[in-house]
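Here the structure is laid out as structure tokens; the discussion comes afterwards.
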Amino acid sequence: MSAAMDTESTYSGYSHYSGHSKKAHRQGRDRHKSPRSKDGSRSEKSVTIQTPPAEPLLGNDASRAEEGQDDNWGETTTAITGTSEHSISQEDIARISKDLEDSVGLDCKRYLGLTVAAVLGLLVFLTPIAFILLPQILWRDDLEPCGTVCEGLFISVAFKLLILLIGTWALFFRQPKADIPRVFVFRALLLVLIFLFVFSYWLFYGVRILDSKDTNYQGIVQYAVSLVDALLFIHYLAIVLLELRQLQPMFTVKVVRSTDGESRYYSLGHLSIQRAALVVLENYYRDFAVYNPALLTASKSRAAKHMAGLKVYNVDGNNASGQSRAMIAAAARRRDSSHNELYYEEADHERRVRKRRARLVVAVEEAFTHIKRLQAEEQQKAPGEMMDPREAAQAIFPSMARALQKYLRTTRQQQYHSMESILQHLSFCITNNMTPKAFLERYLSPGPTLQYDRDRWFSKHWTLVSEEAVTSGLQDGSVFVLKCLDFSLVVNVKKIPFIKLSEEFIDPKSHKFVLRLQSETSV
């Protein structure tokens, strides 16, 4: 190979595979002498980048996880680990550059909105203070003396401003969870309302107080207090519009993932389409199992195998449409036997999964038993000689590595678990004295997307597609789509029906009865 291979530390048969990495020695050295020399066009139209340090534990190649794989492959294969190279096309480079430009635009829009809100908030808090201080600075000698009531208003203004500051910080100055395509209508309306409100107060203050140099200082302070009171009411209005209005459920949305058909139902209140999309995505990362494209390759390979078994001979020189019709007819005739093949394939896959699951459970239980024995031995040693959880995890990891590797390959989860993440999880379980079942919970079944690293999510940038404006509210029958690079989420909105509940009164006397016993009995 022309690219140099940097040798890394190997661990119990684990290897990182890539498109240009070295093959096994048993495949022969002639298989990988110079693959790039055979296809010169690829090197001219692609750019090589270095692989990230967090490589998948068991490789990204889905073809290595096919069900026809030998059960003893780990014993008959010699692999070489190393840092490999990946190739990306010019289209991928153009797409990456476009995503970077879009992210820069979104960051500018987000910081611009935060800047405007911060400047307006600073103006709001400084306005009452300016109303009180400007007469003291400009015409201090002409002001009437401030009595006890006026001094009490100072305390009122101070505490009201403190309450308003805390409430504003709790409601508005929160870290944004996402970037939405359009502005939040209610928040924009509140900002406009606050601006008009403060501007009108400044206009009245300038005309009636500054120009005339009013000497009634208690009235000026009372004017500032009324401004603070109005700002508190606007803050209450903001809480109602931004937080309380959406709490009552009004709609039920069904979210379906386009690739595998997994679906969930959620209840939403009065929200706009873009905010409903944010709620759906937050619940998606928590409730939906992580998207695994390797699970979809089985059906595709099965269909390709059926079509590959069909041969069409062009005897009388018909066109391609005739050949297509012949292949469709032949596939229809083989349809009756395809369900048997699917049944036996699924049964064989389930049998292999159960077998490798049992091996994994036994291996992990033996490893944890070994840990308990080591802990008992460590208690007898000096404190400086005790082994930390990381070293203990590295000590028992080889005993379960092969069984875990085979199980993850069979269930096609190998791209979501790196060796480093498994060691961290194992050391975490050892630290917290967790059982083998608690350790295996992450690997026996695919978990939600948030359980894995961000590099394994396959979904970071989403596009909202809707026939209606994204700032409009949800309506009965609305449909919008959330698209990412590999799949999409189809959201169907249904309004919760109006329920009419009636009451039926039951007379308590209707439950009473009389038991009559006959005194005479037959002899």
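Positions of Cβ are set from backbone N, Cα and C atoms, glycine also.
Since we're looking at a predicted model, the values are computed, not measured.
The compositional bias 'Basic residues' annotation in TrEMBL covers 19-35.
According to TrEMBL, the feature compositional bias 'Polar residues' maps to 74-86.
Among the features that TrEMBL reports, region 'Disordered' is placed at 1-86.
TrEMBL lists 111-133 (among others) with the feature transmembrane segment.
If you look up TrEMBL, you'll see 153-172 (among others) marked as transmembrane segment.
Marked as transmembrane segment by TrEMBL: 184-204 (among others). Tertiary neighbourhood of the transmembrane segment (184-204): same-chain residues 116-117, 120, 123-124, 127, 227, 230-231, 234, 237-238, 241-242, 272, 275, 471, selected by CB-CB distance under 8 Å and a gap of 6+ residues from either end.
Only residues 6 or more beyond the boundaries of the transmembrane segment (224-244), in the same chain, are considered here, and those with a CB under 8 A from a CB of the stretch are 124, 127-128, 131-132, 153, 156-157, 160-161, 163-164, 167-168, 171-172, 186-187, 190, 193-194, 197, 201. Positions annotated as transmembrane segment by TrEMBL: 224-244 (among others).
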Notebook entry, point to check: Other than its close neighbours in sequence, what residues sit by the transmembrane segment (111-133), given a CB gap under 8 Å and a spacing of at least six beyond its ends?
Noted result: 154, 157, 161, 164-165, 168, 172, 183, 191, 194-195, 198, 201-202, 205, 220-221, 223-225, 227-228, 231
